[in-house]
Amino acid sequence: MRCFCETTLLLLLCFCYGYNCLEVVDGSSRKTVEIKSTEFKPNEEFIAFSPFMQLFSDGYFDDILGTVVHCVCTKSDRKFDAMRRHLSLAFNRLFVRAIKPLDKNMEEEPNMKTCRKQWLTFINDLQSQPYALRMADSWGRKQSGILDGNVQWMGNYHECIEAKGPDFTGKWCEAFTDHKQETSMVEISKHSSVGICVPSECSENSITKIFQEILTFRSNNKTGSATLLNVQCPLTTKEQEWTTADTFGIAVTCVVIVLNVIGTFVDFFARQNKATDKKVFNNTRNNYKISQPKEHPCLLTRMTLCFSMMSNGEKILTMDSSGGDLKILNGIRFLSTAWVTLGHTFNDALIEIGNFVSASKYLKSKVAFMPMMNFYYSVDTFFLLRGLLVSYLGMKQLTKTNGRINIALTYVHRLIRLTPVYAYGILFSMGLYKWLGSGPHWTSHAMYFSNLCQSAWWNNLLYINNLCTPVNLCFFWSWYLAVDMQFYLLTPFILLATYRWPRVGISLMVFFAIASMAVCGILSALGPVQPFALTVTQNLGVVDIIPTDIAYDVRFRYDIYFLPWARMHVYMIGMLTGYVLFATKGKVKIPKLFVVLGWLASAGSSFAIIFGLYPQISTDADLDTGLATIYNTFDRPVYGLCLSWMIIACTSGYGGPVTKFLNWKIFNPLSRLTYSAYLIHFLVLMWYMFNRNNMIHCQTIDFIFIYIGTFLVALILAFLLCLTIEWPTMELAKVLLPSKRGYPSNRDEKSDQKKLLKQQ
């Protein structure tokens, strides 16, 4: 006999159409089932809809409820009621038997009895109550495109949770298979899942027992077989608990808002009185401008004005550049941030894509998508820019101070520059983030972010999260900040050596660069380790590309991505570039022939690095160990040298149209948003992806709009973070830290005031 639920479908169809009998075939046997019904006639109009989701059979989902069809008759409510009674009968046949195991486990869980009662109420109410039909209609169902990767059928999440019964509501759950789908034609690397709507008091354990009973029944009757998996029932946004992180997040946000409002009001009234104050102080040698916090005579006022949104907004949005001869760095910084966002959109958006198989194959087959697959070079851009600026500005400062430097104070400045907005981002992801969305996967995703940071946030604030094992995934894209800070701890000593003994300092930079390259080569050979682009593209849409629960010695034998000694080469190339620009005052004289050769070599090498792995990526093939070792040893240093050449050439006047483009004034304000945008962009991307009620059928145009939307929203939020947290803390550091004080001393202020009184 065929599947019991298929029989139910045929009986219902026969019932709807008014047929007298139906032949059900099982192998060579033929049985006739008599249907006696005068409720429906063949010539009556009706609409058939909602074949409910199906359960696991032959490797795919096949008939959880069978396929139930309920008919909405357009001429008679009485006939519609009859149809609902028949639908209730179908649920009874399947679930009344299935909920029997709950009777045996009443003592194990307090809510077992309540769950059983609510199931029976739900089934009986299918005859007369709209909420029950909405719960049934919200179940996921088997869809087309399975071989295309469409194996996650979420149903209608909001229809489920908005259904309200007599003493319960609908609760959305997701049932997973315990294996990946494989056929002779296609292998799907995602676990199959289906959305189900159950009474609210039923626990995951209760639901699992119910469906295990259904599967056992089907297996015994040879109507299909599968192994049940696990069932997850995420909390809705309203059901989430208020935590300490939420309270602290609200408190910090309120304090920030109050400080910014007060600072803005003080600045506003100061600007109103500016003309009067200028007349009073016009004859003094210190013509204080009260609207500028750093020049106001009162320390408390200067501290308050650091939070002025008017002043900070003007500084952030001004088109003028403070980069001097290095203005092109603003364009490079912004474009690299855009590249990072593009890469994360490309890879992580595939988590929620319904046509995963065809989308991933299409993306790998097009050479135009290679920059997305090699987006991790954008992080090397940041390392090079950081090394260049530290070296260039550090050498200028040492020259002004005759080689004197307060190393501890430089560390404090760096911490104040990075930590406030970073700490707020971590706090936000731990608490308030989860309240901003609602969807079938939203809560589990938001809680995943929160739980990752509950016990590991301090690693991030100490900037050692990249060295932890198990790998610390709290705000996991911030590993770059940890590596950057670890490099920064070393740079003052290298700069001191370079200032006093230039050859020694340059030799140290070269030594560290070569040593880092050697580490990458050795680890690649011993691992063996494939280029990271191949690892990423062979696991598109998979979150856990890098194993997390591993020992230190194992991790340090293969990790050439997150650890500082595998990243130092590009940073040191940046420091060497900065020293060259400092020594030549930004004007390196290069013969025209070498300019042409330099640009050709730089462009050709960059093209080879970005597009060179296309044959392997398009065929999912690995490089042999020797080639992988060579590639991992030289790819990032060569990329760094290409970028270094471009910076030197453009700064020295050999960039032509490249210099004009990178000097475009629009990049000046945008570059000031890049740090906050880097911190926030991934939260924005995940917020969009997991707030959806269904999977995305993604095409190229979808990727384009997802990327543009994510990046624009990230920039808007980054501006708010810059305006209220990042920029005020930088201004506050200028006021409070000794090396940044540019104000007259208190004694000078009192003296000027006495002279002014005498003149008056």
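Cβ coordinates are placed from backbone N, Cα and C, and glycine is handled just like the others.
Annotation source TrEMBL lists domain 'Nose resistant-to-fluoxetine protein N-terminal' at 112-231.
According to TrEMBL, the feature signal peptide maps to 1-18.
The transmembrane segment annotation in TrEMBL covers 248-270 (among others).
The transmembrane segment feature in TrEMBL is assigned to 375-395 (among others).
Taken from TrEMBL, the feature transmembrane segment covers 415-436 (among others).
Marked as transmembrane segment by TrEMBL: 485-501 (among others).
Sequence annotations record features per position, and here TrEMBL assigns transmembrane segment to 508-527 (among others).
What TrEMBL lists as transmembrane segment is 562-582 (among others). Away from its own ends, the transmembrane segment (562-582) comes close to residues 325-326, 380, 383-396, 466-467, 471, 479, 483, 486-487, 491, 494, 498, 505-506, 509-510, 512-517, 519-520, 523, 546, 556, 588, 636-637, 639-641, 644, 647-648, 651 of its chain (Cβ-Cβ under 8 Å, at least six residues beyond either end).
Look at TrEMBL and you will find 594-617 (among others) tagged as transmembrane segment. Counting residues 6+ beyond its ends, the transmembrane segment (594-617) has Cβ neighbours under 8 Å at 364, 367, 370-371, 373-374, 377, 531, 533-534, 537, 623, 631, 635, 638-639, 641-642, 645-646, 649, 654 in the same chain.
Long-range contacts of the transmembrane segment (637-658) within the same chain, counting only residues at least 6 positions beyond its ends with a Cβ under 8 Å from a Cβ of the stretch, are 325-326, 328-329, 332, 377, 380-381, 383-384, 388, 513, 517, 569-570, 573-574, 576-577, 580-581, 584, 586-590, 595, 598-599, 601-603, 605-606, 609. The transmembrane segment feature in TrEMBL is assigned to 637-658 (among others).
Beyond the ends of the transmembrane segment (670-689), by six or more residues, the same chain brings 316, 329-331, 333-334, 336-337, 340-341, 344-345, 348-349, 351-352, 418, 421-422, 425, 428-429, 433, 436-437, 445, 449, 475, 477-478, 696, 706, 709-711, 713-715, 717-719, 721-722, 726 to within a C-beta distance below 8 angstroms of the stretch. Residues or ranges marked as transmembrane segment by TrEMBL: 670-689 (among others).
Distant neighbours of the transmembrane segment (704-725): 256-257, 260, 307, 309, 312-313, 316, 338, 341-342, 345-346, 349, 420-421, 424-425, 670, 672-677, 679-681, 684-685, 688; these residues of the same chain sit at least 6 beyond its ends, with a Cβ under 8 Å from one of its Cβ atoms. Summarising the annotation, TrEMBL assigns transmembrane segment to 704-725 (among others).
Counting same-chain residues at least six beyond the ends of the transmembrane segment (508-527), those with a Cβ under 8 angstroms from any Cβ of the stretch are 494, 497-498, 557-560, 565-569, 572-573, 575-576, 579, 625, 628-634, 636-637. Within the chain, the transmembrane segment (485-501) has long-range Cβ neighbours (under 8 A, six or more residues past its boundaries) at 383, 386-387, 390-391, 394-395, 398-399, 403, 405, 407, 410-411, 414, 418, 463, 466, 508-509, 564, 567-568, 571, 575, 579. Confidence in the domain 'Nose resistant-to-fluoxetine protein N-terminal' (112-231), given as mean pLDDT, stands at 75.
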